[in-house]
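A.B. asks: Quick one: the structure is below, and I'll ask about it shortly.
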Amino acid sequence: MGRKLLHFQAFLSCGQHPLMYMLQASASFQNQRIPSDMVFLRTSEKAGSCFIRTDQLDGETDWKLKVAVSCTQRLPALGDLFSISAYVYAQKPQLDIHSFEGTFTREDSDPPIHESLSIENTLWASTVVASGTVIGVVIYTGKETRSVMNTSNPKNKVGLLDLELNQLTKALFLALVVLSVVMVTLQGFAGPWYRNLFRFLLLFSYIIPISLRVNLDMGKAAYGWMIMKDENIPGTVVRTSTIPEELGRLVYLLTDKTGTLTQNEMVFKRLHLGTVSYGTDTMDEIQSHVLNSYLQVHSQPSGHNPSSAPLRRSQSSTPKVKKSVSSRIHEAVKAIALCHNVTPVYEARAGITGETEFAEADQDFSDENRTYQASSPDEVALVRWTESVGLTLVSRDLASMQLKTPSGQVLTYCILQMFPFTSESKRMGIIVRDESTAEITFYMKGADVAMSTIVQYNDWLEEECGNMAREGLRTLVVAKRTLTEEQYQDFESRYSQAKLSIHDRALKVAAVVESLEREMELLCLTGVEDQLQADVRPTLEMLRNAGIKIWMLTGDKLETATCIAKSSHLVSRTQDIHVFRPVTNRGEAHLELNAFRRKHDCALVISGDSLEVCLRYYEHELVELACQCPAVVCCRCSPTQKAHIVTLLRQHTRKRTCAIGDGGNDVSMIQAADCGIGIEGKEGKQASLAADFSITQFRHIGRLLMVHGRNSYKRSAALGQFVMHRGLIISTMQAVFSSVFYFASVPLYQGFLMVGYATIYTMFPVFSLVLDQDVKPEMAILYPELYKDLTKGRSLSFKTFLIWVLISIYQGGILMYGALLLFEDEFVHVVAISFTALILTELLMVALTIRTWHWLMVVAEFLSLGCYVASLAFLNEYFGIGRVSFGAFLDVAFITTVTFLWKVSAITVVSCLPLYVLKYLKRKLSPPSYSKLSS
């Protein structure tokens, strides 16, 4: 299922290079993105390898080491690439960004050279070259590149409130049809009944709230403007005007870790030697110890004997003689300074090309232009710390590394072997030979689970690791073992043999390395903190109190993810954590799910691979169990998996989900969620541009949901129902009017009155509901529990809708019957009286609905009233019934009479007073939760 790519000569001899890219990343072309997926053929770096940054692919800001194909890297000159005959065989395009299988074959040599290609020989599109120049052959382009296969197409998002209002509008349409049919039936289907049916449909068409969409969309635009103008969350951008109400109804928040919860800046916090522990405030003591130990070495040069006999003695006597604290600190600092995969890089002076960068680096060891490169930010933090206490890493290549002591002396160490960190072994090792003493030492550092069985017996390691983990520090155990020349030679021969075996190579190599990992001397325990973003803990606490379940989806390692979950208080201190064991088939998944089912109230930590297996066989069971957890952490997630988890949650729970992230790898998840929030961070603006809302810091999400989410939902619910009420009340009056006049399909109000009713007379007060708020912002943030009520969706439901329908029918009936009862003698004035009462009722109803007055609301009420009174004078011909048929015009004299005024007032009072009384009683007898707080 692979593909064989064209021969080099086939596509290079024609003078064009359609499949070759040269990416320069020297002083002038640093940080170029790789345009397509390539196999890495050649680099300008001496070591034959280079670093790339993958933040837009997997969200991790640490640098990855990539290795050039050795066959092409060894060619004497760049031009020789064009003269060889070779081909690359690559597997078919797939989603997994962490694996690749292929072969490189050079045919024109005798015998042909075959090289296997793995993930470390590839450069995926969207990654950035961080050092040197790279040349590669393109294997996937366009839709087949890993980055494109891991992104999903954006979809249009529709808010839950809009869907609910659509349901209600359908119900209203049904009511309109039923009402019209009833009217025609009561007429007895006399004459051309179908024509009458359509006339009724048109007369009652006000039941359908056409102005609802206009009002809601204007409201949403207003909410967006308010969010962007909020001084407490500066820099927030609303990129969609359709779903601000969703912010008020979230149940699940899915967050990225790196750059969202953490700043991705590692700081060395703690060094523990078993009997003594050093924190940030006592680092100066370590500095003086290191300085003293190197000064002593200078004063007694005979202290280090190059022969191996004393070394053996010192090794055997380690447990018996207690070393001084000073020498133990010195050993620990030296081990940390040597056991890593960090390369110091010196920024080249302007005008110097990439090739001479290294020539210069040999002479210029000045501190200010040195930066460290490594595949893990933890390691950089450790090496930076050794520099701060006096032992500085000044240069490193594949064969050696050099340290500078506090006194300026440079120590050189030969790197004999490197054992890189893998997620299985959870440790890394290095064997070095000190050039000055010829002493061979095997250093090792790793996670406490992996190291506790390797080091000599001690009684403090497990306890201290637990203490540091509870503080949210990432712990590494450092150990060493001194080797004799014979021991090392014996190891090397076995190691080389294991590396050449074809079957079970990995197992055999691991077995040989494990033969060294015995009875190692425990040097120290280090604690590194990944600094959290500002106010992450209180924000997560607030969201949890608001009833929002938080899931952390990260591409990072399991240990790191668990660590951050504890330090950010995503998982509270008292809670257990259930780490889902790696599963590969159906049987294992079944057993592990059963084990998890027996646990109660504990957080779940699961890795991407296990998740994939469980979802394949037990999707429903896993989601159901995970939803009961207080917190879920998914680590080693690919971008597609993140989006898949969001989609699953939405389908299974039918609750609203929100995704928040800051890197290109979070885009799929942000687009899949009901509401996507992007953070502008170190990883670029890709996430914030793809999101519905863009914020500058994680802590702003608290105010965004508690205050703006709440207000948007409550206001839109009130606005939507009021607009429906406005249409229903006038249709009720029309129905009463028609039934009084023997079911005649005659309009009660003429054209302009109907148009003016929904616009100039009532629009401003009704729209001013978007300024209403039931709780002060400070209250909403202080009592996040108020947010829980919103997720139940009680502000807009069939129950509240029916209440508004009943109010409309009651008021419409009262207004029309009242007008007909009180005006028997001047029946022609019915229109003027009922319409005046209707407008007054609407204005009073707005006042009844409002919970917190704003000066603009008062202005809107009086403005509308003023417009109406003014129009009475101008539009008097509209206030007769059927203008021509009755020949009645509105006489201004009649409006100014006291009878007109008291009758209108009486009808209005009867239609509104009972509602005011009911509202007062309800507030007294069963007040809403927020009113208890505000009182």
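Cβ coordinates come from backbone N, Cα and C, glycine included.
So TrEMBL has the following annotated:
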TRANSMEM  123-142  transmembrane segment
TRANSMEM  171-191  transmembrane segment
TRANSMEM  197-216  transmembrane segment
BINDING   ASP256, LYS257, THR258, GLU379, PHE421, LYS445, ARG474, THR554, GLY555, ASP556, ARG636, LYS642, ASN665, ASP666  ATP binding site
BINDING   ASP256, THR258, ASP662, ASP666  Mg(2+) binding site
ACT_SITE  ASP256  active site, 4-aspartylphosphate intermediate
REGION    297-324  region 'Disordered'
COMPBIAS  297-308  compositional bias 'Polar residues'
DOMAIN    689-927  domain 'P-type ATPase C-terminal'
TRANSMEM  723-745  transmembrane segment
TRANSMEM  751-771  transmembrane segment
TRANSMEM  801-821  transmembrane segment
TRANSMEM  827-848  transmembrane segment
TRANSMEM  855-874  transmembrane segment
TRANSMEM  894-918  transmembrane segment
A.B. asks: Report the nearest neighbour of ASP662 (Mg(2+) binding site) in space among the binding-site residues THR258, PHE421, ARG636, comparing Cα positions.
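C.D. replies: That would be THR258, nearest by Cα distance.
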A.B. asks: Are there residues at least 6 beyond the ends of the transmembrane segment (827-848) whose Cβ is under 8 Å from a Cβ of it, and what are they?
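C.D. replies: Result: 722, 725-726, 729-730, 733, 748-749, 753, 757, 761-762, 765-766, 768-769, 807, 811, 815-816, 818-820, 857, 861, 864-865, 868, 872, 878-881, 886, 888, 890, 894-895, 900, 903-904, 907-908, 911-912, 915-916, 919.
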A.B. asks: Using Cα coordinates, what distance in whole Å links ASP256 (ATP binding site) and ASP666 (Mg(2+) binding site)?
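C.D. replies: One finds 7 Å between the Cα atoms of these residues.
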A.B. asks: Top stretch among 123-142, 197-216, 801-821, 855-874 for CB pairs under 8 A with the transmembrane segment (751-771)?
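C.D. replies: By the under-8 Å Cβ criterion, the transmembrane segment (751-771) pairs most with 855-874.
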A.B. asks: Using all protein chains in view, find how many other C-beta atoms are within 10 Å of the C-beta of ASP662 (Mg(2+) binding site).
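C.D. replies: Its Cβ shell of radius 10 Å holds 33 other Cβ atoms.
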A.B. asks: If I count Cβ-Cβ pairs under 8 A between the transmembrane segment (801-821) and each of 123-142, 171-191, 723-745, 855-874, 894-918, which range comes out on top?
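C.D. replies: Going through each listed stretch, the top one turns out to be 723-745.
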A.B. asks: So what pLDDT does the domain 'P-type ATPase C-terminal' (689-927) average out to?
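C.D. replies: Across the residues of the domain 'P-type ATPase C-terminal' (689-927) the model's pLDDT averages 87 on the 0 to 100 scale.
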A.B. asks: Given the transmembrane segment (171-191), which of the listed stretches 123-142, 723-745, 855-874 has the most Cβ pairs that are under 8 Å apart from it?
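C.D. replies: Counting Cβ pairs under 8 Å, the winner is 723-745.
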A.B. asks: Can you tell me the CA-to-CA distance separating THR258 (ATP binding site) and ASP666 (Mg(2+) binding site), as a whole number of Å?
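C.D. replies: Here the two Cα atoms lie 11 Å apart.
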A.B. asks: For PHE421 (ATP binding site) and ASP666 (Mg(2+) binding site), what Cα-Cα distance in Å is obtained after rounding to a whole number?
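C.D. replies: One finds 26 Å between the Cα atoms of these residues.
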A.B. asks: Using the structure shown, find which entry in THR258, ASN665 (the binding-site residues) has the sparsest Cβ neighbourhood within 10 Å.
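C.D. replies: Sparsest of the binding-site residues THR258, ASN665 by Cβ contacts within 10 Å: THR258.
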A.B. asks: What residues in the same chain, six or more past the boundaries of the transmembrane segment (723-745), come closer than 8 Å to it by Cβ-Cβ distance?
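C.D. replies: Tertiary neighbours of the transmembrane segment (723-745) are 168, 172, 176, 179, 183, 186-187, 196, 199-200, 203-204, 206-209, 211-212, 215, 754, 757-758, 762, 766, 801, 804-805, 807-809, 811-813, 815-817, 820, 834, 838, 841-842, 845.
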A.B. asks: Rank the binding-site residues ARG474, ARG636 by how many other Cβ atoms lie within 10 Å of each Cβ and give me the one with the fewest.
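C.D. replies: So among ARG474, ARG636, the binding-site residues given, the one with the fewest Cβ atoms within 10 Å is ARG636.
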